[in-house]
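Q: Take this structure, written in structure tokens, and hold onto it; I'll ask about it next.
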Amino acid sequence: MAVVKLSPWANYSSSKSEIKSSSSSSSSKSSLSAYVINVSSSPRLSFYNPYPRRLHHQRLSSPASIRCSVTSSDQIQAPLPAKQKPECFGVFCLTYDLKAEEETKSWKKIINVAVSGAAGMISNHLLFKLASGEVFGPDQPISLKLLGSERSFAALEGVAMELEDSLYPLLRQVSIGIDPYEIFQDAEWALLIGAKPRGPGMERADLLDINGQIFAEQGKALNAVASPNVKVMVVGNPCNTNALICLKNAPNIPPKNFHALTRLDENRAKCQLALKAGVFYDKVSNVTIWGNHSTTQVPDFLNAKIHGIPVTEVIRDRKWLEDEFTNMVQTRGGVLIKKWGRSSAASTAVSIVDAIRSLVTPTPEGDWFSTGVYTNGNPYGIAEDIVFSMPCRSKGDGDYEFVKDVIFDDYLSKKIKKSEDELLAEKKCVAHLTGEGIAVCDLPEDTMLPGEM
């Protein structure tokens, strides 16, 4: 993994005539040439010495660094060439004439975003949204730290090449690797997408254990090297219990910072309500997904609104709401697979963007959003010490608070209890991964979503 760090306000201009190589013509091809760079202002540029691609999971000591020092107001002199060939790509490896401009001077400090499963289909849609500024804003430069596996490493290189070819001004740094202790270093956001799919004949308990081990290790890595206030979004399924495992293995990170993605379910519920009412999607608000990201999830129509009016007053067919609507949301992924031949990737990426933006932008007055969060301190009577999807609001600072003004009826309470019981059973299944003793697996039924197959 190799990295070139650029000042967050610096801008590229490839005036190669101003770049003079200070390395001799006999320098090894495996060396990183040193350059003298003439600049019109005095930005700072620092290189980190690359090291070979990792082919096993083992934490390395910090790489040696190469730093440029300003010798005059118009010249930066790089030191001797590095000894190893960098594992980096295009503009993330080369040195350019850097000029400060008014636009980039106003940019925020660079943000470190780690993504696991970075060579997968969901990431293939998500990474370009992150790099474009769609997620964190047009003045937020970003460093992407991409985690893959030995098997996917060549594909991960291809992803990095595509990011290079896309010329995103806000994308200031890309690093790739297979060791979470490297990739999660100083991460301020961790989007944990990678997980093992369910194979033929695999019991749900087996998948909970296999993926649980992945998220236990990633939790330990985040605990050791990530920013102390890192925000963690768990996408890999079963995401609620994976998020619980991850947070239990990261005691230095506030449990409140962990989320399980249920935003795609919320988006699907909004879509079906809008179609039934004959309105556009943006007229639907206050939709909650309660519980587990499984077929026990509860799309809440009781508290939802259309044009600010309770859904039950707009759509007066209660039977449709309880039966057809609920079933459509719960099984939408399976229907999509039958039509498309693969699980949802693009819409999942969109929902990740929505979920992050709900945390980094203030929630509109009177509205809320769904996210799977740690239940301790919740006002709904949900059992504590699990990760459960509930309605939340945010002030736009990355934090959230529970919504208090929600109503329940017998139907909604009964459905929520079923999902709660399922998550409590899953928790017992992974007790060996959360530090709570011996695992006892007695899952009530197989409610795994089709996309987990």
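Backbone N, Cα and C atoms are what each Cβ position is placed from, and that goes for glycine too.
Small disclaimer: the values here were computed from a predicted structure and weren't measured.
Annotation source Swiss-Prot lists active site, proton acceptor at His293. Taken from Swiss-Prot, the feature NADP(+) binding site covers Gly117, Ala118, Ala119, Gly120, Met121, Ile122, Ser123, Asn211, Gln218, Val235, Gly236, Asn237. Per Swiss-Prot, the feature substrate binding site maps to Arg198, Arg204, Asn237, Arg268; the stated evidence is sequence analysis. Taken from Swiss-Prot, the feature disulfide bond applies to Cys88-Cys93, Cys429-Cys441. Taken from Swiss-Prot, the feature site 'Activation of NADP-MDH' covers Cys88, Cys93. Summarising the annotation, Swiss-Prot assigns transit peptide to 1-68.
Walk me through the surroundings of each of these features.
A: DSSP classifies His293 (active site, proton acceptor) as coil under the three-state reduction. A simple way to gauge crowding: the CB of His293 (active site, proton acceptor) has 31 other CB atoms within 10 angstroms, across all the protein chains here.
In three-state terms derived from DSSP, Asn237 (substrate binding site) belongs to neither a helical nor a strand segment and is classed as coil.
In the three-state DSSP reading, Arg198 (substrate binding site) counts as coil. The Cβ of Arg198 (substrate binding site) has 21 neighbouring Cβ atoms from other residues within 10 Å, across all protein chains displayed.
In this structure, Cys441 (disulfide bond) belongs to neither helix nor strand by DSSP; it is coil.
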Q: Report the largest Cα to Cα distance, in Å and rounded to a whole number, among the residues Arg198, Arg204, Asn237, Arg268 that the record lists as binding substrate.
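A: Between the most distant Cα atoms of the substrate site, 24 Å.
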Q: Please work out the number of neighbouring Cβ atoms within 10 Å of the Cβ of Cys441 (disulfide bond), leaving out its own Cβ.
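A: Result for Cys441 (disulfide bond): 16 other Cβ atoms within 10 Å.
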Q: Counting other Cβ atoms within 10 Å of each residue's Cβ, which of the binding-site residues Gly117, Gly236 comes out lowest?
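A: Result for the binding-site residues Gly117, Gly236: minimum number of other Cβ atoms within 10 Å at Gly117.
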Q: Considering only the recorded positions Ala119, Gln218, Arg268, His293, which residue has the minimal Cα-Cα separation from Cys441 (disulfide bond)?
A: His293
Q: For Gly117 (NADP(+) binding site), what is the secondary structure by DSSP, using just helix, strand and coil?
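A: The residue in question, Gly117 (NADP(+) binding site), is coil (DSSP, three-state).
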